[in-house]
Amino acid sequence: MDEKTPLIIKPTSRTSNARLYLAVFSAVLGNFNFGYSLVFPSPVIPQLKNSDNPQLRMDTEQIAWFGSIFTLGAAAGGLGAMLLNDLIGRKLSIMVSAVPSTVGYIVMGGAQATWMLHLGRFLTGIAGGMTAASIPVYISEISHPKVRGALGSCPQITAVFGALSLYALGLVVPWQWLAVVGEIPALLMLLLLCFMPDSPRYLIICGKQKQAHEALEFLRGPDSDFMTEFNRIELSISSQGKIRWSDLTTPFYYKPILISIVMRFLQQMTGITPILVYLEPIFHKTDVFLEPKYDAALVGAIRLLSVVIAASLMDKAGRKALLYTSGFLMFLATLTMTMYSHTTPCPSGNLTDTVLPTDVIAQQGEAAFNPITLIPLISTMVFIFGYAMGWGPITWLLMSEILPLGARGVASGLCVGVSWLTAFVLSHVFIHVVETYGLFVPFLFFSVVCVVNIIFTAVCVPETRNRSLEEIENYFRTGRSFTIIDT
């Protein structure tokens with residue numbers, strides 16, 4: 001080399017994740033609200049049983065509706081998101097969810113009759129369904145492969161944190177104020193998202209290349225090689241074209257859609273929703289040694305710990321390994337609960353009539369401690385730990401990863417609709433099954449479902465760790481390879 005020839009050093013690109021993290025945080029506030037709303041009946045039902053207002057006291061059927069109507073609203077919200085995701089975009093769909101959420105909590109906070117409580121629960125359910133269908137898609141489309149696994153678990157982490165906040169506040173705050181607090185996360189989400197970009201992939205689909213370019217530069221940083229990613233996304237979208245009904249018969253579309261739908265169905269069939277919604281009444285029924293409200297808060301803390309662990313392992317251990325571990329832990333926990341509830345005498349009466357007065361609870365606390373009463377608490381903690389390590393966050397993440405871009409908005413809404421219709425049926429039937437047959441019957445059913453989940457993971461679920469969305473699409477297009485060959 002000539003000594004006079006100057007040495008040109010090409011600056012290295014550096015991706016900054018700070019703005020990406022801010023965008024994800026702004027969006028997952030909707031999941032915080034979702035988790036808070038989902039378990040709202042757990043501390044509220046015992047308070048309503050002892051309410052001074054006779055118009056707010058509920059019988060078994062009314063409590064069953066109070067617990068389950070949220071999931072019916074979530075199904076409606078998920079189906080509505082099918083249209084909104086592609087009509088107005090992922091970000092605006094998330095922002096719209098703040099309206100039914102805020103109105104629902106206002107109605108419940110000022111409720112003077114049970115129909116107002118049911119209406120409020122239904123409205124917050126609509127908001128939950130919309131966020132469940134939109135937020136995972138938004139996060140997966142704005143994230144890059146190195147952090148998508150960890151960020152993809154954020155919706156589940158914040159939902160769990162929302163549930164834990166509800167359990168903790170329920171120890172000291174009257175139920176009306178719980179409704180007031182529920183308005184805050186959605187309003188904060190609405191404010192922050194005003195300053196965040198929409199999904200670059202969605203903007204390219206809409207022909208808004210300039211806005212997509214600006215969005216990707218905002219999310220990756222001006223010093224990053226975002227143009228390479230932009231060109232790759234643009235090439236992938238241009239090769240797909242507009243989806244037609246006949247396209248749904250090709251493996252590229254129907255395989256990931258079916259996998260996503262079945263996973264969301266099996267996720268709910270594990271019994272996670274009725275267990276979370278009726279957590280305190282279940283602990284009353286199983287005669288645990290602590291007050292059920294403290295048990296519920298303890299389980300919420302364990303659930304938060306487990307999703308944080310899952311987030312740290314998501315891009316290291318892989319999705320399938322965590323799904324196997326999750327299914328096995330849930331199977332052990334539900335089988336243990338089945339044997340305990342079948343062989344151990346539990347308080348008589350139905351699930352909602354086992355809420356005991358404070359003086360009775362105090363007398364029980366003074367009685368000799370029976371170690372066997374630890375079994376339902378530990379089993380529930382293991383179940384929640386297992387669910388939150390795998391079938392909780394990974395089901396949401398995989399749905400947003402494997403669905404083809406052209407059908408992602410509609411298919412994600414369909415998945416959420418199926419999921420919450422299943423949750424509605426289980427939540428509504430759960431109380432009546434427990435009242436008729438006892439706790440062991442639903443838990444035996446849940447243990448069988450966990451075995452099915454493990455088999456389904458082995459046979460049908462692909463490993464998507466460290467794969468870009470375009471590589472995952474190529475896997476379903478070719479049926480054999482993640483590698484994209486440039487032509």
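Even glycines carry a Cβ here, placed using N, Cα and C.
According to TrEMBL, the features are:
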| type | residues | note |
| --- | --- | --- |
| DOMAIN | 23-465 | domain 'Major facilitator superfamily (MFS) profile' |
| TRANSMEM | 20-43 | transmembrane segment |
| TRANSMEM | 63-85 | transmembrane segment |
| TRANSMEM | 92-113 | transmembrane segment |
| TRANSMEM | 119-139 | transmembrane segment |
| TRANSMEM | 151-169 | transmembrane segment |
| TRANSMEM | 175-195 | transmembrane segment |
| TRANSMEM | 252-276 | transmembrane segment |
| TRANSMEM | 296-314 | transmembrane segment |
| TRANSMEM | 321-340 | transmembrane segment |
| TRANSMEM | 374-398 | transmembrane segment |
| TRANSMEM | 410-431 | transmembrane segment |
| TRANSMEM | 437-461 | transmembrane segment |
Distant-in-sequence neighbours of the transmembrane segment (374-398), which means Cβ under 8 A and at least six residues beyond its ends: 132, 136, 140, 148-149, 152-153, 155-157, 160, 259-260, 263-264, 266-267, 270, 272, 275, 279, 282-283, 286, 288-290, 295, 298-299, 302-307, 309-311, 313-314, 319, 322-330, 332-334, 336-337, 340-341, 344, 453, 461, 464
Stretch among 63-85, 92-113, 151-169, 296-314, 410-431 sharing the most Cβ pairs under 8 Å with the transmembrane segment (20-43): 151-169
Cβ contacts under 8 Å made by the transmembrane segment (63-85) with residues that lie 6+ beyond its boundaries: 37-38, 40-41, 45, 48, 92-93, 96-97, 100, 114, 117-118, 121-134, 137, 273-274, 277-278, 352, 408-410, 412-421, 423-424, 427-428, 431-432
Recorded stretches the transmembrane segment (92-113) and the transmembrane segment (175-195) touching, at least 3 CB pairs under 8 Å: yes
When counting Cβ pairs under 8 Å to the transmembrane segment (437-461), the leader among 151-169, 175-195, 321-340, 410-431: 321-340
